[in-house]
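So the structure is just underneath, and the comments pick up after that.
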Amino acid sequence: MTVKLTLPAQSKMLSQDFIYGVATASFQIEGGENNRLPCIWDTFCDTAGKVADGSNGLIACDHYNLWQQDIELIESLGVDAYRLSISWPRVITESGELNQQGVDFYLDILNELQRRNIKAFVTLYHWDLPQHLEDEGGWLNRATAYKFRDYADLISKAFGDRVYSYATLNEPFCSAFLGYEAGIHAPGIVGKEFGKKAAHHLLLAHGLAMQVLEKNSPNSKNGIVLNFTPCYPESDSEADIKASDFADDYFNQWYIKPLFDGEYPEIMSQLPAEHHPEVLEGDMEIITHAIDFLGVNFYTRSIYRANSDEHFFQIDAPEPRTDIGWEIYPKAFTELLVSLNEKYSLPAIYITENGAAMADKLVDGAVNDIGRIDYYQNHLNAVNDAIEQGVQVNGYFAWSLMDNFEWAEGYLKRFGIVHVDYDTQVRTIKASGLAYNDLITNR
Ligand code: FCB
């Protein structure tokens, strides 16, 4: 166990151009619900049994009121960049105009970041779809992709040149599969026939938004953030390998292959026709719009075995695991980056999320989260290994700046490098936050 984060002396990750940041998302931290329209996560939280602790995002970290001190906190960590997301229902009215009060909230944040020389990495969609759009079918409705384009158009004009980087979507896999197939995220729709349809409209939304970003914000780095949970076979039997390859195509490649190759993985032919997305002529041209960067979120891997009824069966995650039950397996991070780099002609990569949930304890005003430091150390090393094998990684963001609303887990899982006391809203930098600061400031 280590209490300091280190990298080899010659590591590219120690250069001043390598960007270190912290990440958050609107619904997970903001609260301030009186100043925005309802979103699908409000509705999901209000549905009994959906969120583990029965909580919601109405106050969260009260960042809506505490944003100034939170930016001071970010600056005190010494990071180069802050990745935040914009709440669509805060900035766009039901009739599709800008809501100036909501826009001003973000303009104040962006101006303050600029004043302190912290680069703003803005994600336009981190899962908080306006509820009135869900009422019209949400991501199962093709029109939502065009609504997203219009929102991206208005907001990027309003933000002007304040943004260093735009990501259109965060983790379309989660929106599509968890939201419209497994039903464990908002809007909680269940059915294999829905996931791929939602995914296609999300990717279309991404491509359409890229068109307007290129026009309105040509100087920012514009791209998308995908999550990857690399799939491994339980054994080296041919059947297990086949099962894990299928899962990889279904969960991971499904979201990246269309971006670069303009087509879905070939396993589509093995899926029943009712599960297929409706791909119209010209869609793939829109989806393959060139991106300036690929955001990669990585937390864990998963392991599969062959199964006679389904294409794959996921086995329980082995130890060691974080507090949310995800296996700690940093080697998969290196292997993922190297394999993506081999499969696709990638632009520069930012690691837009990486981090660990731990059962933190605040003792005498401190959180000694050595397990999280260890996680970060091993995953920074894993990124460094990938860079040494030729992958171009230009930055790394810790998930998360602070403990926050962890979706279906509510406030039970803590991912922050800063501790949040939800009763008092007091923030305390954890040992991991201090170690991250030390790594960054001593480059
Ligand atoms: C990712 C999400 C992020 C956070 C982490 C733990 O899937 O993008 O909001 O919940 O997982």
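Any Cβ shown, glycine's included, is placed from N, Cα and C.
Curation does not apply to TrEMBL; its annotations are automatic.
Marked as active site, proton donor by TrEMBL: GLU171. When secondary structure is read from DSSP and collapsed to three states, GLU171 (active site, proton donor) falls in the coil class.
Under the heading active site, nucleophile, TrEMBL lists GLU353. GLU353 (active site, nucleophile) falls within a strand when secondary structure is assigned with DSSP.
Summarising the annotation, TrEMBL assigns substrate binding site to GLN28, HIS126, ASN170, TYR299, TRP399, GLU406, TRP407. Neighbours of HIS126 (substrate binding site), defined as other CB atoms within 10 A of its CB across all chains, total 24. Under DSSP, HIS126 (substrate binding site) is assigned to coil, being neither helix nor strand in the three-state scheme.
Here the Cβ of GLU406 (substrate binding site) has 20 other Cβ atoms within 10 Å, regardless of which shown protein chain they belong to. Within 8 Å of the Cβ centroid of the substrate site, not counting the listed residues GLN28, HIS126, ASN170, TYR299, TRP399, GLU406, TRP407, the chain contributes ALA25, GLU171, GLU353, SER400, ASN404, PHE415.
Here the CA atom of ASN170 (substrate binding site) lies 10 Å from the CA atom of GLU353 (active site, nucleophile). Sequence-distant contacts of TRP407 (substrate binding site), defined as residues of its own chain at least six apart whose C-beta falls under 8 angstroms from its C-beta, comprise GLN28, TRP41, VAL51, TRP127, HIS185.
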